[in-house]
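One structure below.
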Amino acid sequence: MNNPLVNQAAMVLPVFLLSACLGGGGSFDLDSVDTEAPRPAPKYQDVFSEKPQAQKDQGGYGFAMRLKRRNWYPQAKEDEVKLDESDWEATGLPDEPKELPKRQKSVIEKVETDSDNNIYSSPYLKPSNHQNGNTGNGINQPKNQAKDYENFKYVYSGWFYKHAKREFNLKVEPKSAKNGDDGYIFYHGKEPSRQLPASGKITYKGVWHFATDTKKGQKFREIIQPSKSQGDRYSGFSGDDGEEYSNKNKSTLTDGQEGYGFTSNLEVDFHNKKLTGKLIRNNANTDNNQATTTQYYSLEAQVTGNRFNGKATATDKPQQNSETKEHPFVSDSSSLSGGFFGPQGEELGFRFLSDDQKVAVVGSAKTKDKPANGNTAAASGGTDAAASNGAAGTSSENGKLTTVLDAVELKLGDKEVQKLDNFSNAAQLVVDGIMIPLLPEASESGNNQANQGTNGGTAFTRKFDHTPESDKKDAQAGTQTNGAQTASNTAGDTNGKTKTYEVEVCCSNLNYLKYGMLTRKNSKSAMQAGESSSQADAKTEQVEQSMFLQGERTDEKEIPSEQNIVYRGSWYGYIANDKSTSWSGNASNATSGNRAEFTVNFADKKITGTLTADNRQEATFTIDGNIKDNGFEGTAKTAESGFDLDQSNTTRTPKAYITDAKVQGGFYGPKAEELGGWFAYPGDKQTKNATNASGNSSATVVFGAKRQQPVR
């Protein structure tokens, strides 16, 4: 029904509104609308972080120095053979530290002798299985041990040698004349420490051994009876038959003596990261008020992670220029280095070469032996170890331990996270007893440091292959300086196969953390494959893929206390279900690549973050965790809708559902500039959202990130 009043009102209202606008009573002017402009997302950049200092010592399981034999034939004019840093040989990972190092032992086994073919060794080492091995290690062999510090498990040091055949060649050039023992001094260990006492001062005692240079007319009468030209024609060493001046054959100790032979007494201040100590000889002749001990060196070193580096100061130097000492310990050393072994740093090994290249020293020391009743022995300062099942002598205040490094390997689809060895050097990957440098030799900072992205001119990630060299016939010729290992079949246990490691490592902006992909490739030789096999069969590869992460943890005292700190980085991931569908992604600094972002509240001990897959908008995983000391633990989960494993499948997209993956990680660098972590989810069907198309879900992930600061 048509209502004229309504029609009239409908016509008047627009006119009224229009007149109101024209009259200034209202406005549609956009300039006067009070709206807040959208704020741009904050822009971040990596914080500056101090680069690791170049390490002269790259670490390792152990090192050995071979005895020298001088060509004393006059016309050869070889009046002196000094020791050199390049003479150090890496021992490799020992099967059992009490045994002789395999590489060096294989060299001495081939040494010819004039009479007996025995290998003589330190009496506490496992006898050699060589013919008549260890025969004669009785009264004439030094007894070398520190009282109450004798039961070593992780580190051994010592000497072994043969009475080498006399060489006298005057018929064929080059003419030569050599005589004397041929062998090694060494230390080696297993299970480099991942945790150490957080504080407190701990005493370590043990033994040390030396080998000298050779020089015409040189005698060391104070330590060795030179009846066979020790120090002149061949190296004098602590296991020599002529070492008659220590108390090696005494049945009881004299007051003031710390043990038998050459012993060490060290103290580690774990709070201040300092090692100090002394190397002494326990003297044989203490009659006529002679000193019961003679100190030859004092040690001082800085502890970094599970390694230490410093100096050895000779304490019995000549007092005047005209004075001479009839022992080789007259020069300081700037090359003291070593490391801690055992789950809690129970034992340590060390080495150094004197600056005058006259003497090399190796040693091993441990915390106090546990009493026979099994109770933990008292630590330095008289306080008992508080940690249950703690190692003897490694108790600190309240028995607290601190993690100094992470090194893990996660095999794709495996439930277990395996621990890797590491020598507090994130840029050295240690697998199968072999050390793999993760940075190119041309790196601006050396093998143990990272280039700084574009500043260093390196890619964000690096891919390379590493094939260990075959065992050399002569271990001395085949071993490089500073622990670069060269053995493959022996040390790496490849059982005659050629093993190649394919490595992808991230990231160029991380100095104290490295993570990535590792592929082991084993290919048999034609002989290994069998005479009837073809060359193609011989080259068949066995491929095993995994991820790794390793980092140098921040000192707990240096963990920040700020809130809302942003870290950004990347990640490697492998996500799968049991329906043969999987997704994998590698680390990248591309805007659309695998991204990791975390917010850390150090004050509240909380960490939250996301891992986002390449070319995805929604987070693949969200992570929530709690910070403890210099690390964190938490959980990772996918969104309730799951993670699409194959986006190209538009009909029935297979998904992965993960709700409770256990995450572990840590903070790395001097000031926690870097963080990283890992998780391996085993593949349980754990959520009601999982469908038959999805099956059981599994995931393997490693991630890393750098602390950010706003761009100014």
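The backbone N, Cα and C atoms fix where each Cβ goes, glycine too.
Database features (Swiss-Prot):
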COMPBIAS  95-104  compositional bias 'Basic and acidic residues'
COMPBIAS  128-144  compositional bias 'Polar residues'
COMPBIAS  462-475  compositional bias 'Basic and acidic residues'
COMPBIAS  477-495  compositional bias 'Polar residues'
COMPBIAS  689-700  compositional bias 'Polar residues'
LIPID     Cys21  S-diacylglycerol cysteine
LIPID     Cys21  N-palmitoyl cysteine
REGION    59-196  region 'N-terminal handle domain'
REGION    78-104  region 'Disordered'
REGION    123-144  region 'Disordered'
REGION    197-367  region 'N-terminal beta barrel domain'
REGION    223-256  region 'Disordered'
REGION    309-338  region 'Disordered'
REGION    364-398  region 'Disordered'
REGION    389-555  region 'C-terminal handle domain'
REGION    442-495  region 'Disordered'
REGION    556-712  region 'C-terminal beta barrel domain'
REGION    689-712  region 'Disordered'
SIGNAL    1-20  signal peptide
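On the 0 to 100 pLDDT scale, the region 'C-terminal handle domain' (389-555) averages 71 in this prediction. As a summary of secondary structure, the region 'Disordered' (78-104) carries 6 helix, 4 strand, 17 coil according to DSSP.
With DSSP classes pooled into helix, strand and coil, the tally for the region 'Disordered' (223-256) is 0 helix, 4 strand, 30 coil.
Break the region 'N-terminal handle domain' (59-196) down by DSSP state and the numbers are 14 helix, 42 strand, 82 coil.
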